[in-house]
Amino acid sequence: MACPWKFLFKAKSSRFDLTEEKDINNNLEKLRQASSSPVTQDDPKCPSRSRHRNECSQPLAETAKKSPDSLVKLDVLPPACPRHVRIKNWGSGMTFQDTLHREAKGDLACKSKSCLGAIMNPKSLTIGPRDKPTPPDELLPQAIEFVNLYYSSFKEAKIEEHLARVEAVTKEIETTGTYQLTGDELIFAAKQAWRNAPRCIGRIQWSNLQVFDARSCSTAQEMFEHICRHLRYATNNGNIRSAITVFPQRSDGKHDFRVWNAQLIRYAGYQMPDGTIIGDPASVEFTQLCIDLGWKPKYGRFDVVPLVLQADGRDPELFEIPPDLVLEVPMEHPKYEWFQELELKWYALPAVANMLLEVGGLEFPGCPFNGWYMGTEIGVRDFCDVQRYNILEEVGRRMGLETHKLASLWKDRAVVEINVAVLHSFQKQNVTIMDHHSAAESFMKYMQNEYRSRGGCPADWIWLVPPISGSITPVFHQEMLNYVLSPFYYYQVEAWKTHVWQDEKRRPRRKEIRFKVLVKAVLFAAVLMHKTMAARVRATILFATETGRSETLARDLGALFSCAFNPKVLCMDEYRLSRLEEEQLLLVVTSTFGNGGSPGNGEKLKKSLFMLKELTNKFRYAVFGLGSSMYPQFCAFAHDVDQKLSHLGASQLTPTGEGDELSGQEEAFRGWAVQTFKVACETFDVRGKHHIQIPKLYTSNVTWDPQLYRLVQDSEPLDLNKALSSMHAKYVFSMRLKSQQNLQSPQSSRTTLLVELCCEGSQGPSYLPGEHLGVFPANQPALVQGILERVVDGPAPHQPVRLETLSENGSYWVKDKRLPPCSLSQALTYFLDITTPPTQLLLRKLAQLATDEAERQRLETLCQPSDYNKWKFTNSPTFLEVLEEFPSLRVSASFLLSQLPILKPRYYSISSSRDRTPTEIHLTVAVLTYRTRDGQGPLHHGVCSTWLSSLKPQDLVPCFVRSASGFQLPEDPSRPCILIGPGTGIAPFRSFWQQRLHEAEHKGLQGGRMTLVFGCRRPDEDHLYQEEMLEMARKGVLHEVHTAYSRLPGQPKVYVQDLLRQRLAGEVLRVLHEEQGHLYVCGDVRMARDVACTLKQLVATALTLNEEQVEDYFFQLKSQKRYHEDIFGAVFPYEVKKEGAVGPPSDPRAPGAHGKS
């Protein structure tokens, strides 16, 4: 018989470090030897290592001397003090000395030159299948080591029982080749394995694990019954209890008992023919396996997959889990009622089912176990991971967050609220759950206990730090040592990948390709693609954007050019200008910001490019610009880039494209992109250029197919704010109209309103002076009614309906996400833009609906750019006017709901201070009316300004606050300011002076000099806020007020830039150059351009700067955020000559009235 004693007395120095250990069976703590206490403070006064080494006892050496030579191996290392690794908490300064790691089993995933610590399932933590038993000479030492560990856990030594058990195990292994654990040993092993699990944050409960011994079962049916008992015990009506069920151990690897599911309870994931996924994407492969094995799918988002159980190595069997054993929690939010509309839920019991318990050389491949949830497991990983349910953006939109702007931190705000909903929902249903902060605190306590009781605590920092909150949890600051002890829970290879099928007819045929063959095929394809791409012409695609639109189009362009070129898409601020000397093809997609400038992420490249004098590499290029034709500097930056590249010697591939957000921007981009692609293929002689299949994105949506849409009756009442919040990704709330006051005199032909909005309650929405209010208007009832009268085969105007679209494969209908369920009348009133002239693409689709051949041909002619632009700028027709011009059009309700553009909000600078009127928001609104056809056409009205002017007190106004971080009062209130705002450009400055007045009256703060430069036509006609300005001057809030009048009888026209030149040159220099003050400009783009030119002239003259130097000077002012512009587009692309016909900006086509559009 093999001698067990050499293993019994095997050197384990760390075990002798403890004079007393924790009793695993009664959970009592014993004291460690004082001289080797592993918990210390990080203090330079601590004893040195050499001193500590001299004080260490040597019990191992004494044991060796007293033992007979026949019972112990003497070739052990010389007695020495235990080596330790010092672990520090950088938050508290406390340190631990880890000695337990010396008992680690094998190596982890790290290599000498690289760390694999962030690999999900490293080989060191995975045990694969076996095809033969573990050899006795390998099993025996592991078995004896476990028996030693087990008996060392008792408070009082049981030497005789210990020695007897060692001898019995040794004999059993010698006789049978394996051994069986006793019931108590199994309980101890399962608990100890949880205690040793480095990736688990909830181990403080390890000793309370309930162990169900199912080693006697022999069939899959018995396995199912044991699992049902487990689920019933663990769920406990929501008061979750931790438990494990252990099935028979592995013998020769051919008779394994395994649960094929990753978790006992998990939701299915269905891969649909069009590539979309219904349910949990993480379960797609396993769900398909269940279907192949005979399960009938239900195609719901939250269908519980059946259990797939394998007994004694036989083929698996399916078992549906009884619904009464699956406790589910519906999700709701304590604040957001709409959260329930997401129809989310989650199961209460997290039970891992596919891991393997290793103990003493034995392997238990079937051992499902559970704890309870930490909230972030559901709220972050299950709901928000992009490869899971991925609800983050939808929640962000419903919250009204700026989901197009990463810097707004919308993801952080949304994920917190999702986690609030998860915790709230579980707690409301009295289901056990733990928040991540409490879990982190409990782990820190557990870790301290472990270092005191056994000198170490294996921990994987990457897994233990929660997926949100990071450094505000204590575990973030804790250094950790990761190692594998025994007993241990290991990962396994998925059972269906290694199972040897006995009945080949039941074997799923879907995955016939062997893994190695698949890897080789993928590798070969990757190498082939790399070589193919490397042989292609390189194309660099640059974008600059403020809203993200240019980036989206640039990436679409990259997808198109990847069909024949080797494209790379970069933001301008990521591009090194030196690469121009290496380019073959350069494509640029950019918007224009402010008064003809570049977006913020294009400033750096613009400055470098425009300073470049020569270029030796004569590459090809093409540019596409995005903008709004209401601005005089329409697409100016794109044209500037085009001209500069041309001057440097680069060769233009196609003319610069222009995408007008008021006129079919997307269609213009598609046409330019396809044309540029074709010319590039010809220019670079791309092989097979006439047979390249371009992406569907560039070929679809050019015709109207009524078979792809249908209307379904719906009974859900419309919540306007909720619908607008979801559609526009804004937090929309309603305010009531308090009052309106016309700020212009009765003699004026125009109207400018002071609109005062109020909210119920003691506190209104949060905003800062200078920020904008976005207002969602309603279309005029006459326009809506006129369109409704011309709809064919439509539902009743007030019948709620929802629009559904047919899937690409035509097999099912999908709810359209563009519009909420509503009546046709509501859609035309609140959601659809019926005043903007139809785009060319919309006219092309309308041509299909014309029953008169002449009208059809006329509509097709209008799709041509030259005819279209002339027709559009002359008539600027509303959609009703189009229907009147082409009376044979047969327009359906589904056409209107699917093809008309979305009505955009209008932005107004807030004209009040929240500190002064906390429950109110004031707006300065110019009511717009104009006639087309050089003043001879029909009268048109501004959508929002006309709607606001028609409201009665207490009427509701849906709105939201938009931040304007670049247009706010100085952080240092002592800095002097110059405010320049003619006409309605005065709007934000009223909020400035009201804020300064409040600070002076209630806080005793006296702000720096504030000079106002205002402009209007005549003092007795349109001098807005004249009395209030004078009052502010009397109270010292405004240091000086200068007004330019442009229509005084018998006097020359004077504008604000004239006042700057004539009266304020010295003040401008003092404020900007000497006192580091701020200058603000608010108004239309032409005024802003003229003011900027005047200021540059003044500065250049005073400081003797050339043109390049003065441009750099103002670039620095903007970089320092001391030159502020709030520009709106009050200029039409066509000129209306009649005096007073064109009013200030509340243009029905303008996305911004007093803000940047």
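Glycine too: its Cβ is placed from the backbone N, Cα and C atoms.
A quick note: this is a predicted structure, and the numbers were derived from the prediction, not measured.
Feature annotations, reproduced from Swiss-Prot:
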BINDING   Cys200, Tyr491  heme b binding site
BINDING   Arg381, Ile462, Trp463, Phe476  (6R)-L-erythro-5,6,7,8-tetrahydrobiopterin binding site
BINDING   Thr545, Glu546, Thr547, Arg549, Ser550, Ser591, Thr592, Ser628, Cys635, Glu661, Gln665  FMN binding site
BINDING   His772, Arg906, Tyr908, Ser909, Thr924, Ala926, Tyr930, Val943, Cys944, Ser945  FAD binding site
REGION    29-64  region 'Disordered'
REGION    515-535  region 'Calmodulin-binding'
REGION    1138-1157  region 'Disordered'
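Across the structure, Arg381 ((6R)-L-erythro-5,6,7,8-tetrahydrobiopterin binding site) and Tyr930 (FAD binding site) are spaced 54 Å apart at their Cα atoms. When Cα-Cα distances from Thr545 (FMN binding site) are compared across the binding-site residues Ile462, His772, Cys944, the shortest belongs to His772. When secondary structure is read from DSSP and collapsed to three states, Tyr930 (FAD binding site) falls in the strand class. Cα of Ser550 (FMN binding site) to Cα of His772 (FAD binding site): a distance of 23 Å.
For the pair Thr592 (FMN binding site) and Tyr491 (heme b binding site), the Cα-Cα distance reads 54 Å. Ranking the binding-site residues Arg381, His772 by how many other Cβ atoms lie within 10 angstroms of each Cβ puts Arg381 at the bottom. Within the same chain, residues at least six positions away from Ile462 ((6R)-L-erythro-5,6,7,8-tetrahydrobiopterin binding site) with a Cβ under 8 Å of its Cβ are Gly117, Ala118. Per Cα geometry, Thr547 is the residue among the binding-site residues Cys200, Trp463, Phe476, Thr547 nearest to Cys944 (FAD binding site). With Arg381, Ile462, Trp463, Phe476 listed as the residues that bind (6R)-L-erythro-5,6,7,8-tetrahydrobiopterin, the site has a largest C-alpha separation of 18 Å. The full span of the recorded FMN binding residues, Thr545, Glu546, Thr547, Arg549, Ser550, Ser591, Thr592, Ser628, Cys635, Glu661, Gln665, taken as their largest Cα to Cα distance, is 16 Å. Distances between the Cα of His772 (FAD binding site) and those of the binding-site residues Tyr491, Thr547, Cys635, Gln665 are shortest for Thr547. When Cβ atoms from all protein chains are considered, those within 10 Å of Tyr930 (FAD binding site) total 20, not counting its own. Mean model confidence of the region 'Calmodulin-binding' (515-535) amounts to 54 (pLDDT, 0 to 100 scale). For the FAD site, whose annotated binding residues are His772, Arg906, Tyr908, Ser909, Thr924, Ala926, Tyr930, Val943, Cys944, Ser945, the maximal Cα to Cα separation is 25 Å. When the Cα atoms are compared, Gln665 (FMN binding site) and Cys200 (heme b binding site) turn out to be 52 Å apart.
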